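Enquirer: Can you keep this structure in mind? I'll have questions shortly.
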Amino acid sequence: MGVMAYPFLFCLLLVHFGLGAIGASREAPSRPDPPRERTLRAKQHAQQPARASASDPSAPWSRSTDGTILAQKLAEEVPMDVASYLYTGDSHKLKRANCSSRYELAGLPGKSPALASSHPSLHGALDTLTHATNFLNMMLQSNKSREQNLQDDLEWYQALVRSLLEGEPSISRAAITFSTESLSAPAPQVFLQATREESRILLQDLSSSAHHLANATLETEWFHGLRRKWRTHLHRRGSNQGPRGLGHSWRRRDGLSGDKSHVKWSPPYLECENGSYKPGWLVTLSAAFYGLQPNLVPEFRGVMKVDINLQKVDIDQCSSDGWFSGTHKCHLNNSECMPIKGLGFVLGAYQCICKAGFYHPRDFSFNNFQRRGPDHHFVESAKDVSEEVHVCLPCSEGCPYCADDSPCFVQEDKYLRLAIISFQALCMLLDFLSMLVVYRFRKAKSIRASGLILLETILFGSLLLYFPVVILYFEPSTFRCILLRWVRLLGFATVYGTVTLKLHRVLKVFLSRTAQRIPYMTGGRVMRMLAVILLVVFWFLVGWTSSVCQNLERHISLIGQGRTSDHLIFSMCLVERWDYMTAAAEFLFLLWGVYLCYAVRTVPSAFHEPRYMAVAVHNELIISAIFHTIRFVLASRLQSDWMLMLYFAHTHLTVTVTIGLLLIPKFSHSSNNPRDDIATEAYEDELDMGRSGSYLNSSINSAWSEHSLDPEDIRDELKKLYAQLEIYKRKKMITNNPHLQKKRCSKKGLGRSIMRRITEIPETVSRQCSKEDKDGGEHGSAKGSSAGRKNPQETAGGSGKPKEESLRSRVFSLKKSHSTYEHVREQPGGPGSPPAQSREEEEATDNSVLGSPVGANRPRPLQEDSQAVSTESVPLVCKSASAHNLSSEKKPGPTRTSVLQKSLSVIASAKEKTLGLAGKTQAACVEERAKAQKALPRERETNRKYSNSDNAETQDSAPPNSSHSEEPRKPQKLGIMKQQRANPTTANSDLSPGATHMKDNFDIGEVCPWEIYDLAPGPGPLESKVQKHVSIAASEMERNPTFSLKEKSHPKPKAADLCQQSNPKSVDKAEVCPWESQGQSLFEEEKYLMSKTQVPLGRAQGENSGQHCATGVCAGQCEELPPKAVASKVENENLNQLGEQEKKTSSSERNVPDSHNSSNNFQPPLMSRAEVCPWEFETPDKPNAERSVAFPASSALSANKIAGPRNEEVRLARKV
């Protein structure tokens, strides 16, 4: 055939690869195995349960039983040199052993050798043998003539054997046997063999020596074993169809074929050559091929075998199949067997790797079982098999990997953590108790000033901010890490959101530059804004929690492990990018709070709460910045104890400090210093109660002082403010009093003129003080005379104020302006019952601040309280900026008659100029009166023009829903206004002791000079109205003394209210006006001068107004100092005419109720007015009338303003 036959045969084998794959068959029932094979199989089946139990990791300290059996067999049955060669692979030791036949490793532990086919290095040889066998089956079964001419086809068989070695390098030898008689012939007829010798292949024809195959030995087992059980390897598709079906299958080229399962594997063996073992372990693979009988029955024809060199095949003792499978010495419960690749056919090529949580005590580099070196003898290792057992010891608790038994996890300080959690629980309990205490003292002024709901909200948010420390006390888990973010963000948004919104409310109310009243921010509105903030935070937390749950489904955990510098491990909640975003959001929110703190830094407030909130916001900003920096930078290296202490320190440096700043000042505030209470109004309580109107002036003042606006802008703003306040008051009065007629537009001019004159008070006072040097002598005598007249009044009233204090309180005895909306604050009370506590406090404060003479007759405790909170001890804090810069405006505005309100700022702005000049002003007033005598005749005509408008103004300014007890007050006001027009001197008698809160230290001509212009003599019926009012008021005082005291505690709108003391049935005149008893001589002197001599009206008024204060009707209003001449004249005439004056006074007192009892209001009086009040017919000088422009109209306006809030009190008096 030649050389070309070998490649051709090899190609045929490759083409037949697919046919061999198709010929899969079921294995037929086998014949009984020979005794040797049965013994080997029995041993293998007996060892399988042992291996199964050894591989069970649940058995405690379980170890491979096959490893122990293998060691024992190698020590007992295997020759020493062979066992050493098997462990080391050293061929020098193998050459020293003598042999007579080959040595097989039969009966060794491990599963069936047939399963060794799974080894990757044997797949090539196995496939080549299977393809060659199937090729012979096809050739012999398809052509019967091939069996008859063996010698002719001998070259084809040689080419087939040679192709096996050339096709697979791992095959070292291949052979084929052929026999025409299946069982009758004891030996095969043809025996061909090919051997690989280094780089060449040797072909041999051993047919002549094939007779030795007839003997069944270990060396011929590959042939006899297949010959005996050839039927078990047969498989023919369609054999159940009979001969016809079988022939049909052959026509379709579907015949008998073999597969890999039909290949017979021999145990590994060593060949014996020349009395010694040849180095290299071999294994024999053999397969039979078949022909067909004439009846198409398969018949055995021969065997093909290949010998494979195993020196490059690794032994896997860790696997579950193959040679020496499961013979490792690793303990399966604490270690893992890992084979070592590339070492060849040697034992011990594996490592025992300790499992997680275990370590090897004698191995410091890595935890494994090292294979013994080539210089070590097997016997030495066999002797200490028990000592070589690989044992892994457990690590410390929680350690996944370790090299020794030292702890790898951070050991927590239990006592430290217990102390922290105990203190945290105490703080949370105190926080909860603080909520109860705040609710318990919810009616306290300090709590109402801040708002109960807002304080409770801050405390609840602080309780949430205390929870992170409690969460970090426990072992981290996914739920705890999620809950940690929830309580932190919700608590932060609740606490500092509320604080920031409170600051925002202060900024909105106090720093508004508009004159229009903005809608105040109540506690409910702040809570609604806070709800929006919490809703945003809640929505973010829901989204973040959803993303965390989705990451858990992707096996992305929220729990991680950190490692300290000492390589100790601890569990922690991982820091995500969302944590950086939340920290940035907190920082930006606090920056907004810092801006608000800066904006409201100058705003006055009750208990300085914005100042403490600003400290809390700045503290949170700084501490949180440090906390987040440490947390983000050192989070992976801070163990659980340090992280717990970090959160603990951050919580108490921010939350606890915030609570302390908000609560401690409220409960530790002392009420002994009322100066701060008066100077800094409790604005937040007013805002929450919806009564912010009285503090609008303060907000505008603060805004102007903050931004330093131009004076023109201030004037424009104030004009808008007063105009809108007037419109609102008019609308409210018309709404509540539909019976009142609307005012005419022609009356608006007078109101605007009066307002502009009011604003000129500071300049008037400053001009009066400029004449101090000129009138020095007169000032000293006037001051002494005024002090002499005031002492009896102070003695009768029980007042102990020094003379300096009374002089200082003259100018500033005006009552603080009442807001249009403060009538709501009046609380009703039944007849005869004491008023409410809040009403008493308000009355006490008003009377003490005003310093009226009526306050001198009050009980001692109320008087002391009044002195404590008097405005004499209050710093100059302007409650509004109503007229600070309007005084410089010289341009007269359009006239307008409207009921305006006076504010305390009118006097507060002038106090800086006049506080030290109170005594000096008196001398200037005396000089001005002398000059006013010349101007009166010329201005009487001017005063008559405004008489009608003043009448209408007085009627409209009366309280709308007055009861029966207030009906006398309307004609009283109307009559008094007409008296002012009838006689200029009547202006001094138009102020009651209640009205002295505004002008007890000022002369009418000095403060309100336009009132002098408006005064003109009126008809007689006007006097009857005054007398009627006096008699009714006196009867009311007689029937209800409580009502009389109540009337004294508030400013009366007109001076005629005290004329009721002239009634014989009323209280004695000395009790109401004690100074009258000591000043009768002065009164008699004036009366005598009127009746005996015809004194000009202007000069008489100048003298009387300088000599004494008005008695009965005008008590306490004129405390001006007279000139020296008038004073000396008074002293001389007091001694001579005292008796006659007392008689005339009593007669005049009896005539007053007679005129009151008149049925017609326009009936002429029974006595002339000169007999009752002779000093009113004295005419002041013209210069005095010109200079005194400010006060009577303003006092009338103040009376009109104050009359509104007293409807309820007058209604009660009517019931009495």
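Heads up, residue numbers simply count up from 1 along the chain you see.
For all residues, glycine too, the Cβ spot is worked out from N, Cα and C.
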Enquirer: Let me know which member of Glu221, Glu271, Glu273, Glu336 Swiss-Prot also records as binding glycine at the site of Ser172, Arg173, Asp307.
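Expert: Among the candidates, Swiss-Prot records only Glu271 at this glycine site.
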Enquirer: Just confirming the record: what cysteine out of Cys481, Cys549, Cys597 does Swiss-Prot connect to Cys573 via a disulfide?
Expert: Cys481
Enquirer: Have a look at Swiss-Prot and say which candidate in Cys11, Cys272 forms the disulphide with Cys99.
Expert: Cys272
Enquirer: Does Swiss-Prot give Phe570 and Tyr728 the same topological domain, putting them on the same side of the membrane?
Expert: no
Enquirer: Going by Swiss-Prot alone, which of Asn143, Asn885, Asn1157 is annotated as N-linked glycosylation site?
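Expert: Of Asn143, Asn885, Asn1157, Swiss-Prot lists Asn143 as: N-linked glycosylation site.
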Enquirer: Mind giving me a neighbour count for Arg173 (glycine binding site)? Other Cβ atoms within 10 Å of its Cβ, every protein chain shown.
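Expert: The answer is 22 other Cβ atoms.
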Enquirer: Going by DSSP, how much of the topological domain 'Cytoplasmic' (440-451) is helix, how much is strand and how much is coil, in residues?
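Expert: Taking each residue of the topological domain 'Cytoplasmic' (440-451) in turn, the totals are 7 helix, 0 strand, 5 coil.
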Enquirer: So among Cys99, Cys272, Cys481, Cys573, all listed as disulfide-bonded residues, which is physically nearest to Ser172 (glycine binding site)? Use the C-alpha atoms.
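Expert: Nearest candidate: Cys272.
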Enquirer: Roughly how many angstrom lie between the C-alpha atoms of Glu271 (glycine binding site) and Cys481 (disulfide bond)?
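Expert: Given the Cα positions, Glu271 (glycine binding site) is 70 Å from Cys481 (disulfide bond).
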Enquirer: Roughly how many Å separate the Cα of Asp307 (glycine binding site) from that of Cys573 (disulfide bond), to the nearest whole number?
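Expert: Answer for this pair: 63 Å between alpha carbons.
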Enquirer: At the level of the C-alpha atoms, what whole-angstrom distance separates Cys272 (disulfide bond) and Arg173 (glycine binding site)?
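Expert: Rounded to the nearest whole number, the Cα-Cα distance is 16 Å.
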Enquirer: Within 10 Å of its Cβ, which one of these binding-site residues (Glu271, Asp307) has the largest number of other Cβ atoms?
Expert: Asp307
Enquirer: Taking the Cβ of Cys481 (disulfide bond) as the reference point, list residues of the same chain whose Cβ is under 8 angstroms away and which are at least six residues distant in sequence.
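Expert: Once residues fewer than 6 apart are set aside, Cys481 (disulfide bond) is near Leu558, Ile559, Cys573, Leu574.
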Enquirer: Report, in whole Å, the straight Cα-to-Cα distance of Cys99 (disulfide bond) from Arg173 (glycine binding site).
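Expert: The separation of the Cα atoms works out to 22 Å.
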Enquirer: Give the residue counts of the topological domain 'Cytoplasmic' (598-611) per reduced DSSP state, in the order helix, strand, coil.
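Expert: Split by secondary structure, the topological domain 'Cytoplasmic' (598-611) comes out as 8 helix, 0 strand, 6 coil.
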Enquirer: For Cys481 (disulfide bond), name the DSSP secondary structure in the helix/strand/coil scheme.
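Expert: Where Cys481 (disulfide bond) sits, the three-state DSSP reduction gives helix.
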